[in-house]
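Shown next, in C-alpha cells, is the structure this report addresses.
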Amino acid sequence: MGNEERELPNIIICGTPGTGKTTLAEQVAETTELENICIGDVVKENHLHFGFDEKWKTYDVDEDKVLDYLEPKLLKGGCIIDWHTCGLFSEELIDLVVVLRTDHSKLWERLESRGYSLEKIQENNEAEIMQICLEEARESFDPKIVVELPSESIEEMESNLSRITQWVTNWKKNH
C-alpha cells in the first residue's frame, strides 16, 4: 500500500537522545490525528528486545520484532515514530523524516540532567557532532522527505511543531 492509499501520513522524528524527539512527537500527536509511537516504550511493553544492556542502560532491540509489530500500523498510516534511528523503516511507508539537531554543549547538559553515564553522554555527543542520525536519514530516504530542524530553544521547538502541523495539513489536502 503506497502513501496515496493512506488517509494519514507516517512521520519519523529522529535524532540523538536529548534532542527533543519525544517532546515534539507528543506535541504533534496532540495537534494532529496522528498516533505517537515511542519505540523505546513499545520495545519495553511488548518485549521486542533480546535483553537489557547493563553497560549502556538500554534494551538490545530486536529490530525484526519491531518491524513486525509496526508494519500493520504503518500500512494504515497516521503514525509518528519517535526513535533515535530511522534506517530500519521502509521508504514506501514513510512520508516525512524529521531529524532534530542540538548544539553539543546543550545536548551534554540535557543528557547529564537525565543521569546518563559520562561514557553514554560522550558517545551520544559524538554522534550528534558527527551527524550520525542526519546521515542515516539522508542515506535511507529520498532527500526530499528529510528535514533537519534545530531543537535548542522553546522558540525553535514551537516553530518545529508549527511546521510539522502545517505539513500534515498540506499532506492531507494532497492525498
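Glycine is treated like the rest: Cβ placed from N, Cα and C.
Summary of the site annotation: Swiss-Prot records ATP binding at GLY18, GLY20, LYS21, THR22, THR23. Screening the candidates ARG114, ARG138 against this entry identifies ARG114 as the one listed for that site. Of the candidate ranges 102-112, 113-123, Swiss-Prot annotates residues 113-123 with the feature region 'LID'. Put simply, the two farthest-apart Cα atoms among GLY18, GLY20, LYS21, THR22, THR23, ARG114, the recorded binders of ATP, are 15 Å from each other. Across the region 'NMPbind' (38-61), DSSP assigns 7 helix, 10 strand, 7 coil. Over all protein chains present, the Cβ of LYS21 (ATP binding site) has 27 other Cβ atoms lying within 10 Å. Confidence for the region 'NMPbind' (38-61), expressed as mean pLDDT, is 93.
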